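First the structure, in the form of structure tokens, and then the observations on it.
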Amino acid sequence: MSPAEIIRPAAKVQLMDSKAHGNNHEEIIRAPLNYLLDLPGKEVRSKLMSAFNQWLRIPEEKLEVIKRIVMLLHNASLLLDDIQDSSTLRRGLPVSHSIFGIAQTINAANYAFFLAQQEIPKLEDPRAFEVFTEELLNLHRGQGMDIYWRDASICPTEEEYFTMVSNKTGGLFRLAVRLMQLASESDRDYVPLVNVMGLIFQVRDDYLNLQSTAYTKNKGFGEDLTEGKFSFPIIHSIRSNPSNIQLSSILKQRTTDVDVKLFAVAYIESTGSFEHCRKTLAELMAQAKAIIEGMEGDSSESLSVMNQILTMLGLDGNEVPR
């Protein structure tokens with residue numbers, strides 16, 4: 001009997017056994033993912049897609065497919081992010097890998113990527129898989145550079161930071177809207193608006209990490225400092241006075257000491273870096289609103305909804321969109 005003849009029956013038996021006990025196996029495999037899904041979130045991406053659909057008007061069933069794809073990818077990336085960042089809290093509770101272990105959590109995250117891919121044929125457009133692949137590559141490119149800068153202790157420029165964010169954070173926003181555009185009769189390209197929204201989202205997230213009490217409750221105080229991350233205010237602060245190595249030295253320590261982190265936050269404040277964040281966010285908000293207002297033919301209701309979401313992504317209110 002040839003090796004192929006030996007392998008084929010065994011594979012068939014395993015597949016049949018998997019189906020027979022599928023529900024139990026599925027629960028085990030997905031446990032780290034399901035734990036994360038059960039944690040209360042703000043569903044910002046889902047709200048954004050619903051808002052964009054006032055313009056794109058795609059069928060509800062296809063919108064739900066795209067929402068599932070983005071939800072799976074987003075949560076898969078969070079599972080991996082928490083491992084790569086050595087995080088301890090997610091949405092105020094222990095991270096998945098603290099409960100299920102690193103190996104099982106990585107497997108669940110990878111499984112979620114393929115669950116998302118499995119949804120693509122339901123969109124009935126051969127271009128959808130290309131969009132899916134392009135934006136997942138972008139996401140990993142951005143994440144790769146973020147990790148590299150952190151681990152090599154290299155402070156990027158703001159331009160390099162924005163390129164990374166456009167790939168890492170903007171990737172899922174773009175994926176959602178690009179898939180929606182494939183299913184829409186509208187020929188308008190909303191990607192430029194989505195790109196600006198991705199920047200708003202990440203700059204705000206970086207700001208809140210060091211300034212928000214709500215963020216402290218959900219993720220821990222100054223988590224970016226403990227991680228050693230070159231976030232937007234940290235980049236500005238370091239580059240505002242390159243001869244002062246205090247902040248860059250603190251980042252290398254991966255400190256959990258609250259007093260040291262408070263010292264770092266005070267230093268970042270002293271270099272005007274939080275004010276720089278606020279000004280940058282205001283400029284990005286103005287860009288996004290200008291793009292929206294320049295779209296002819298859209299109803300005032302649609303503009304109102306989008307402006308509300310832009311406000312949610314900005315500094316107004318206490319929303320923490322992670």
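Don't overthink the numbers, they just go from 1 along the chain as shown.
Placed from the backbone N, Cα and C atoms, the Cβ positions cover glycine too.
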Exercise. Can you pick which of His25, His74, His140 Swiss-Prot lists for the same isopentenyl diphosphate site as Lys42, Arg45, Arg91?
Worked result: His74
For this session: Please report how many Å separate the Cα atom of Arg91 (isopentenyl diphosphate binding site) from that of Asn209 (dimethylallyl diphosphate binding site), as a whole number.
Result: 13
Exercise. Is Lys168 (dimethylallyl diphosphate binding site) helix, strand or coil when read with DSSP?
Worked result: helix
Exercise. Looking at the binding-site residues Gln202, Asn209, which one has the fewest other Cβ atoms within 10 Å of its own Cβ?
Worked result: Gln202
Problem set entry | Lys42 (isopentenyl diphosphate binding site) CB neighbourhood, other CB atoms within 10 A | 13
Exercise. Where among the binding-site residues His74, Arg91, Lys168 do you find the Cβ with the fewest other Cβ atoms within 10 Å?
Worked result: Arg91
Exercise. Counting only residues 6+ apart in the same chain, whose Cβ is under 8 Å from the Cβ of Asp81 (Mg(2+) 2 binding site)?
Worked result: Ser87, Gln143
For this session: Consider the binding-site residues Lys42, Arg45, His74, Asp205 and say which one has the Cα lying nearest the Cα of Lys229 (dimethylallyl diphosphate binding site).
Result: Asp205
